[in-house]
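Chemist: Take a look at the following structure, please.
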Amino acid sequence: MPFTLATWNINSVRLREGLVARLMSEEAPDVLCLQECKSPVEKIPLEQFASLGYGHIVARGQKGYNGVAILSRQPLTEVAAHDFAALGHARHVAARLENGVVIHNFYVPAGGDIPDREKNEKFGQKLDYLTQMRDHFIAEKPQRAILVGDLNIAPREDDVWNHKQLLKIVSHTPIEVDHLAAVQEAGDWVDVTRADIPEGPLFSWWSYRSPDWQNADKGRRLDHVWATSDIAGVAHSSRVLRDARGWDQPSDHAPVFATFDL
DNA sequence: ATGGTGGTGCCACCA
């Protein structure tokens with residue numbers, strides 16, 4: 001049975017409950033992974049989502065910051081929720097579908113403004129978070145697994161609007177790209193979005209500070225869909241729902257989709 | 001420069 005998955009940094013699930021409902025109604029992914037819910041789990045509007053067919057959830061939350069949730073039309077079993085780098089943040093949760101596929105939902109730390117761990121503690125925490133992700137996937141080799149989320153790194157030249165101009169900007173620095181590549185290698189993860197759409201600019205985030213974001217198009221691809229190599233071959237129909245960035249009171253991220261014939 | 005949250009009433013912190 002094919003299933004479609006979407007990942008979306010929602011930037012407050014309570015403020016944007018209506019946008020989540022719209023995505024559920026209009027696009028109807030089987031599984032919807034959210035990041036930056038900015039809400040304790042008990043305050044997520046679950047009844048509204050259940051009424052739209054998303055009766056299953058696993059989540060980690062905290063007041064005001066971070067927060068990740070997996071909403072599903074089919075049953076889920078929570079299998080993990082790691083606090084990499086011991087930040088005390090709700091940045092990861094993982095669940096298993098009935099077909100055995102495990103879905104990891106991540107919100108990787110943004111890392112602050114200065115790409116130097118001596119001058120900016122947050123940048124060090126981001127690198128440490130990625131290192132511990134790598135070590136985890138070395139210790140526990142994932143199989144039949146999908147990893148999605150806001151990884152806060154745009155790894156490729158065509159994942160940003162201007163490669164040269166962003167080389168010293170957090171999210172596109174070589175050291176972050178190297179750390180992300182190490183995570184990918186450790187888990188034998190395939191970048192499903194880029195396997196599907198190999199060439200050309202592809203963005204999932206446009207700053208709120210960018211006026212005329214649509215025409216200026218100064219975006220970055222921060223949101224990712226990966227799969228282990230044993231199932232990556234059955235993925236297809238990847239896309240970014242750019243329209244959602246233009247909805248009323250939008251998130252600064254657009255949802256990213258993929259379908260798996262499993 | 002824009003926007004969300006939370007604790008107080010505009011400001012700090014985060015992205």
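Placed from the backbone N, Cα and C atoms, the Cβ positions cover glycine too.
Sharing the features that TrEMBL gives for it:
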ACT_SITE  A:D150  active site, proton donor/acceptor
ACT_SITE  A:H253  active site, proton acceptor
BINDING   A:N9, A:E36, A:D150, A:N152, A:D252, A:H253  Mg(2+) binding site
DOMAIN    A:6-253  domain 'Endonuclease/exonuclease/phosphatase'
SITE      A:N152  site 'Transition state stabilizer'
SITE      A:D223  site 'Important for catalytic activity'
SITE      A:H253  site 'Interaction with DNA substrate'
Chemist: Cβ distance under 8 Å to A:D252 (Mg(2+) binding site), same chain, sequence separation 6 or more: which residues?
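Modeler: Non-local contacts for A:D252 (Mg(2+) binding site): A:N9, A:N11, A:W205, A:W206, A:S207, A:Y208, A:R245.
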Chemist: Can you grab the distance from A:N152 (Mg(2+) binding site) over to A:D223 (site 'Important for catalytic activity')? Cα atoms, rounded to a whole Å.
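Modeler: With distance taken Cα to Cα, A:D223 (site 'Important for catalytic activity') is 7 Å from A:N152 (Mg(2+) binding site).
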Chemist: Write down the Cα-Cα distance for the residue listed as 'active site, proton donor/acceptor' and A:D223 (site 'Important for catalytic activity'), rounded and given in Å.
Modeler: 4
Chemist: Please report the distance from the Cα of A:H253 (active site, proton acceptor) to the Cα of the residue listed as 'active site, proton donor/acceptor', rounded to the nearest angstrom.
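Modeler: Counting only the Cα atoms, the answer is 9 Å.
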Chemist: Which ones in the same chain are close to the residue listed as 'active site, proton donor/acceptor', with CB under 8 Å and 6+ residues apart in sequence?
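Modeler: For the residue listed as 'active site, proton donor/acceptor', the qualifying residues are A:T7, A:N9, A:Q35, A:E36, A:F106, A:Y107, A:V108, A:L222, A:D223, A:H253.
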Chemist: Beyond the listed site residues A:N9, A:E36, A:D150, A:N152, A:D252, A:H253, identify every same-chain residue whose Cβ lies within 8 Å of the center of their Cβ atoms for the Mg(2+) site.
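Modeler: Near the Mg(2+) site, beyond A:N9, A:E36, A:D150, A:N152, A:D252, A:H253, sit A:N11, A:Q35, A:Y107, A:W205, A:L222, A:D223, A:S251.
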Chemist: Across all the protein chains here, work out how many other Cβ atoms are within 10 Å of the Cβ of the residue listed as 'active site, proton acceptor'.
Modeler: 25
Chemist: Using a 10 Å cut-off, grab the number of neighbouring Cβ atoms around the Cβ of A:N152 (Mg(2+) binding site), all chains included.
Modeler: 25
